[in-house]
Amino acid sequence: MESSNLGGGGGGGGGGGPPPFLIKTYEMVEDAATNHVVSWGPGGASFVVWNPLDFSRDLLPKYFKHNNFSSFIRQLNTYGFRKIDPERWEFANEDFIRGHTHLLKNIHRRKPVHSHSLQNQINGPLAESERRELEEEINRLKYEKSILVADLQRQNQQQYVINWQMQAMEGRLVAMEQRQKNIVASLCEMLQRRGGAVSSSLLESDHFSKKRRVPKMDLFVDDCAAGEEQKVFQFQGIGTDAPAMPPVLPVTNGEAFDRVELSLVSLEKLFQRANDACTAAEEMYSHGHGGTEPSTAICPEEMNTAPMETGIDLQLPASLHPSSPNTGNAHLHLSTELTESPGFVQSPELPMAEIREDIHVTRYPTQADVNSEIASSTDTSQDGTSETEASHGPTNDVFWERFLTETPRSCLDESERQESPKDDVKAELGCNGFHHREKVDQITEQMGHLASAEQTLHT
């Protein structure tokens, strides 16, 4: 019944019936056998082409004698169909509805519109509003273009800066590697040059301490010697226990490069200070080896042979102190060693003639004058002794008491005297220039006898 109506409508197409394209399209969509390819949409107000390939291969040749899907879509557009779903091929028209074939006659083919007639229609009242919209769109596009151009310039500038920073970092990395190699090379060279001098100086100090063959005693504190030994040991610590190189940090930014450069600069300064300290130690060692006495602890024998002008505060051990009970034994032992030592020179006894010449008597004084002169000489000697004691300070009283009560002995044996002639000269001067207290008392008694003899001759 429906097909007959469609046929009647098609037969009367010349008298205002629906076009054949619309009739064939309606029959194709209405066929239930092809619903998997094309079918009505939800509600029957549209149709959907589910499989365009099968539609072009099977249905179009059957109904329209061609297989061009695009041509079929253009035909739909000429009859006023529109695509209502962008995700699929679904088309609709207000008069193309399922079960309402009588509405197909209301669908007409659009006539082609020429460009001249279209321009004439556009030049109406819609031209101003459309122009304003276009101008706004143009201005918006220009603004967006300017933003994009500025962003592009900024990106190019950042890229240039990044490339420059990368080149600078590569140059700094190469310079740091070269500086690190130079530091390692200079350190190796310094250790090779200075290691022998330091070891020899340490061996020499050990040799000096062993050659004395005297037990170590803390007689006095020598700050200068302690400072020099500390310098030597500090230099040895720098040479042998040098700090390890800092670990290589991952190069991520400029801060890591700055930290590495600071560490390299600190290492360079450290090695420079070590080199200066090593040079100073070498100069000190060369001066000490050339004749200067090394700054080591002085033994008790050197205290005896030290000259009076040095002003060194000498302190005796408890075993040799005059107040100790072993003073007599020590005096006997010192006297025996002094007489048996090869460098001993006995002080000659002064004859009466020389004693008379020392007094420088220009006239024969009276008994009162002699007594006053003896008293004045005694006071003068006491004043001189007090001035000497005051000049040397209270710390040298023990030394002078030992010097006046005990016989000094030489601290150097024959082999040491051959190696250090200066010490021999000091020992001989000490032995020949100092007299013990018994000799002084004897001279005083002789002076008393001389005074009495002069008094007798004068009377």
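Positions of Cβ are set from backbone N, Cα and C atoms, glycine also.
Listed ranges 157-166, 257-266, 397-406; the one Swiss-Prot annotates as motif 'AHA' is 397-406. Per-residue pLDDT, averaged across the coiled coil (127-189), gives 90. Note on the region 'Hydrophobic repeat HR-A/B' (141-191): DSSP counts are 51 helix, 0 strand, 0 coil.
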